[in-house]
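Visitor: I have a structure I would like to understand better, so I am pasting it below and will then ask my questions one at a time.
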Amino acid sequence: MTEQRTPVDSSTNHDKKVIVGMSGGVDSSVSALILMQQGYQVEGLFMKNWDEDDGTEYCTAKDDLADAQAVSDKLGIKLHTANFAAEYWDNVFEHFLAEYKAGRTPNPDILCNKEIKFKAFLEYAIELGADYIATGHYVRRGERNGEPVLLKGLDANKDQSYFLHAVGKDEIAKTLFPVGELEKPEVRRLAEEFGLITHNKKDSTGICFIGERRFKDFLEQYLPAQPGDIETLSGDKIGRHFGLMYHTIGQRQGLGIGGLSNYPDEPWYVVEKDLDRNVLLVTQGGQHESLFKTHLIADNFDWVARTKPSFPLTCKAKCRYRQADQDCTITELTDGRVEVSFIEPQRAITPGQSVVFYLDDLCLGGGIINVAFNK
Ligand SMILES: Nc1ncnc2c1ncn2[C@@H]1O[C@H](COP(=O)(O)OP(=O)(O)OP(=O)(O)O)[C@@H](O)[C@H]1O
């Protein structure tokens, strides 16, 4: 069902300038369109944050810029361009590499939102005279007790609050999220109705600004691979891995083992990375009990309200983007980290990924998973 958009009194918006992050995708194209319909003074900004342009199919920045320009021309808005590659490298990519080096599986898009889209871009837009920025994220801005809050997007399939949980309330207050009020099919329909060439463009995948690449080849350019053994939980060596960093807890593909005479012919799954011994621990069966944990400890919290909630807190959590909300209780440990205890055991909780907390539609914020265990 398509939600009705709240009618907007466009007469109050005409003296407000909004700069929309135009990626050359359909969501930001329609965001610009909606803001124009709402009477704002709209301009666009295309960011290029990854400088390597090796002419391969992975680098779509040129095509994306052309699409952002075509949509801006169609809407009759000015398109700025900016390059935050230095900020991206220093504040996102180096951290991403350090996390991989430490054997964790980071989520660079969360840091990219915090450091680039809602910091470098926001600051730049304000210098250009913007009252607000806007993005095509499927989230909503709300208000609780007079403070701006981050709410899930209305389209439950597209909600992107998981990726925005590290953005603070002051930045949320300066951002408009026009498509957060809509369902994706309606966004594509609007794009088609208004003749925007991005109406049927495929959704972007891969790491924001770096794109969809052969991940192993890409990472290999920056981090030396350290091959090691693959072992079963009972300590049998059954193969070799190219480097722990290429593997993720719960992962099935890419292990290169199979057809072992002592084991049934079933797929193998990564259960744990033993960093001290550089060993990948695996088991057979995607639902094996060793893949399920009831507790985790997390740190490095970013609360949208910029103050932590009072603990213990009973709420919902996601340990990965594509996951239904899970019931949990959060308690604070004496060292400042928090322990999350789930009602249902969770599959493949992955150190380095974010755990993000919710009260219904309200996104509270989240932290980085250190370790998962059963009690
Ligand atoms: N290169 C870019 N320049 C400016 N803004 C960008 C850029 N990339 C992403 N954004 C902003 O961040 C939002 C979310 O980016 P994401 O990569 O998740 O794309 P998306 O959900 O596929 O959206 P879109 O359809 O607009 O590409 C975009 O809608 C856009 O507002």
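Please read every residue number as a count from 1 along the shown chain.
Cβ atoms here come from the backbone N, Cα and C positions, even for glycine.
What you see is a predicted model, and the numbers here were worked out from it, not measured in a lab.
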Visitor: Looking at TrEMBL, Gly21, Met22, Ser23, Gly24, Gly25, Val26, Asp27, Ser28, Met47 are annotated for ATP. Which of Gly103, Gly129, Gly136 sits in that same site?
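Guide: So the ATP site in TrEMBL includes Gly21, Met22, Ser23, Gly24, Gly25, Val26, Asp27, Ser28, Met47 plus, from the candidates Gly103, Gly129, Gly136, Gly136.
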Visitor: Sorry to bug you, but what's the C-alpha spacing from His137 (site 'Interaction with tRNA') to Asp27 (ATP binding site), rounded to the closest Å?
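Guide: So the alpha carbons of Asp27 (ATP binding site) and His137 (site 'Interaction with tRNA') sit roughly 7 Å from each other.
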Visitor: Rounded to a whole number, how many Å is the Cα of Gly25 (ATP binding site) away from the Cα of Gln353 (site 'Interaction with tRNA')?
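Guide: About 26 Å separates the two Cα atoms.
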Visitor: Just to verify a number: CA distance, Cys112 (active site, nucleophile) to Gln353 (site 'Interaction with tRNA'), in angstrom, no decimals.
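Guide: So the alpha carbons of Cys112 (active site, nucleophile) and Gln353 (site 'Interaction with tRNA') sit roughly 14 Å from each other.
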Visitor: Could you check what DSSP calls Gly21 (ATP binding site) once collapsed to helix, strand or coil?
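Guide: DSSP call for Gly21 (ATP binding site): strand.
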Visitor: Quick one: Cα separation, His137 (site 'Interaction with tRNA') versus Ser23 (ATP binding site), in Å?
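Guide: His137 (site 'Interaction with tRNA') and Ser23 (ATP binding site) have their Cα atoms 11 Å apart.
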Visitor: Let me know how many other Cβ atoms fall within 10 Å of the Cβ of Gln353 (site 'Interaction with tRNA').
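Guide: Around Gln353 (site 'Interaction with tRNA'), other Cβ atoms within 10 Å: 25.
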Visitor: Taking DSSP states H, G and I as helix and E and B as strand, how many residues of the domain 'tRNA-specific 2-thiouridylase MnmA-like C-terminal' (294-369) are helix, strand and coil?
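Guide: Secondary-structure breakdown of the domain 'tRNA-specific 2-thiouridylase MnmA-like C-terminal' (294-369): 0 helix, 47 strand, 29 coil.
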